[in-house]
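Here the structure is laid out as structure tokens; the discussion comes afterwards.
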Number of protein chains: 2
Amino acid sequence: MRVITLNANGIRAAARKGLYPWLARQRADFVCLQETRAQEYQLADRCFRPRPFHCFYHDAEKKGYSGVAIYSRHRPDRVVHGLGWPGFDAEGRWLEVQVGRLNIISLYLPSGTSSESRQQVKFEVLERLLPYLKSLRRKRREYIICGDWNMAHKPIDLKNWRSNQKNSGFLPEERAWLDRLFDEAGYVDGHRVADPRPEVYTWWSNRGRAWEKNVGWRIDYQIITPGLRERVRRARVYTARRFSDHAPLIMDYDWPLPDGRGC
Amino acid sequence: MRVITLNANGIRAAARKGLYPWLARQRADFVCLQETRAQEYQLADRCFRPRPFHCFYHDAEKKGYSGVAIYSRHRPDRVVHGLGWPGFDAEGRWLEVQVGRLNIISLYLPSGTSSESRQQVKFEVLERLLPYLKSLRRKRREYIICGDWNMAHKPIDLKNWRSNQKNSGFLPEERAWLDRLFDEAGYVDGHRVADPRPEVYTWWSNRGRAWEKNVGWRIDYQIITPGLRERVRRARVYTARRFSDHAPLIMDYDWPLPDGRGC
DNA sequence: CTTGTTATG
DNA sequence: CATACCAAG
């Protein structure tokens, strides 16, 4: 089973850069996108419903802003839009499909870089999210929470960790939250299970020559329940081409899915 | 003496398309630009003060909107910003330099295409402008009023005149105003003096394939006082390259200027 | 369709 | 710096 997550930074821009022909060659079972930055009526072009996937979008109410999507090769038993938290849901940040015992989520956590008030929003979401994620652990289900978490965990997860300790995305409070996600709630960073190497990032600022110099951050994850830890086969970040300021994180799992019947 | 007029549709965009290297090769004495769409503080780059010209800008108060400029090889005796009409002047639509007995003006008449209320503004400007232009005729001076007049005069001046008789830019009232400008106020369409050919246009819509099909309008003029009629040597529209949705109108006059000393 | 604006990341 | 938006032409 192959799961791809990508912050598209505008699904229409990513499409212009060849995302969809590339996707068609990846044999993915699930594709989780974040920052679609479009409302579904703006995605009338057929390319935005790639075959053979079942395609789901959860848009922000504000035009051109945020929004997540999931493409699922397998018809989901259920699709969940949002978490029932009004402000968060209005920003199109959580979409979930259930296929058998497995739940796949596309999550786009708020960025705190634009203002102090947005950092407060990010903290409020985190505060509410941890208990919710803990509560999921009581179910007899496995979860793969794909997304742009907008936080790097450890010094190995970004190029310049020293100079970023006061910047949103690598604040001590954010790193401590990720500690709790792993140590207390028991989740696992799927990518790290398969790939312990440094200097593997998923996002590079557009400013300066961050990409050319690999001045990046690893802020896109596939966070998994522990029952999937032993099933991680492979993780890689696709950097041969650029569709966005983020790179796709492609993960393969040993998981018995029904045969993929297209839509 | 060479005078060039061009609606630049954003002087910064025109610069990216090579306007300034091209200008340097034209040996112009005066360059009149319209729709600079910039405020002077945004034109810090030295390219926007091309040598050896004396450069003058008259910006709109609204950012990114309207604005006119004149580059004069000869140090003007006087530079006039606006006509003293508050609403009109706030939109940066009139700039005038005086060199000896000659006045050169860069004029950008309002467009009426965006709304009925803007068409009313255009009519109000026209109503006020004609008496003003008539009053200039009482002076012992010659005038070259360069600009985007946003009106075609006769069927020969646009490709599809029949279908445009109800469209702003070829309304009967606008055409009648131009009749009065010529017949009553005595001004002369300099371009037409030198070039009677049809299908010579200065503006092509960006929509459709207007440029490729030469579906254009002649709405940029050098309007001259009758004393200059016999001094028109040549008029041509430069279409070998595109700097804007308008093309430069280049005119040569027999006029005794002092030797051009650069700034 | 294109320019330049603005908000957001 | 890039992707959206919007106003204007």
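Glycine is treated like the rest: Cβ placed from N, Cα and C.
Here the Cβ of B:TYR108 (active site) has 27 other Cβ atoms within 10 Å, regardless of which shown protein chain they belong to. Secondary structure at B:TYR108 (active site), as computed by DSSP, is strand. According to TrEMBL, the active site annotation covers B:TYR108.
Using a 10 Å Cβ-Cβ cutoff, B:HIS246 (active site, proton acceptor) registers 25 neighbours. The active site, proton acceptor feature in TrEMBL is assigned to B:HIS246.
Feature annotation from TrEMBL assigns Mg(2+) binding site to B:ASN7, B:GLU35, B:ASP148, B:ASN150, B:ASP245, B:HIS246. The Cβ of B:ASP148 (Mg(2+) binding site) lies under 8 Å from the Cβ of B:ASN7, B:GLN34, B:GLU35, B:LEU107, B:TYR108, B:LEU109, B:TRP203, B:ILE219, B:ASP220, B:HIS246, each of these being in the same chain and 6 or more residues away along the sequence. DSSP classifies B:ASP148 (Mg(2+) binding site) as strand under the three-state reduction.
If you look up TrEMBL, you'll see B:4-246 marked as domain 'Endonuclease/exonuclease/phosphatase'.
Residues or ranges marked as site 'Transition state stabilizer' by TrEMBL: B:ASN150. For B:ASN150 (Mg(2+) binding site), the Cβ neighbour count at a 10 Å cut-off comes to 24, with all displayed protein chains included.
Annotation comment: TrEMBL describes B:ASP220 as site 'Important for catalytic activity'. In this structure, B:ASP220 (site 'Important for catalytic activity') is part of a beta strand by DSSP. In the shown protein chains, 25 other C-beta atoms lie within 10 A of the C-beta of B:ASP220 (site 'Important for catalytic activity').
According to TrEMBL, the feature site 'Interaction with DNA substrate' maps to B:HIS246.
Between the binding-site residues B:GLU35, B:ASP245, the minimum number of other C-beta atoms within 10 Å of a residue's C-beta occurs at B:ASP245. The residues near the Mg(2+) site, meaning same-chain residues not in B:ASN7, B:GLU35, B:ASP148, B:ASN150, B:ASP245, B:HIS246 whose C-beta sits within 8 angstroms of the mean position of the site's C-beta atoms, are B:ALA8, B:ASN9, B:GLN34, B:TYR108, B:THR202, B:TRP203, B:ILE219, B:ASP220, B:SER244, in sequence order. Under DSSP, B:ASP245 (Mg(2+) binding site) is assigned to coil, being neither helix nor strand in the three-state scheme.
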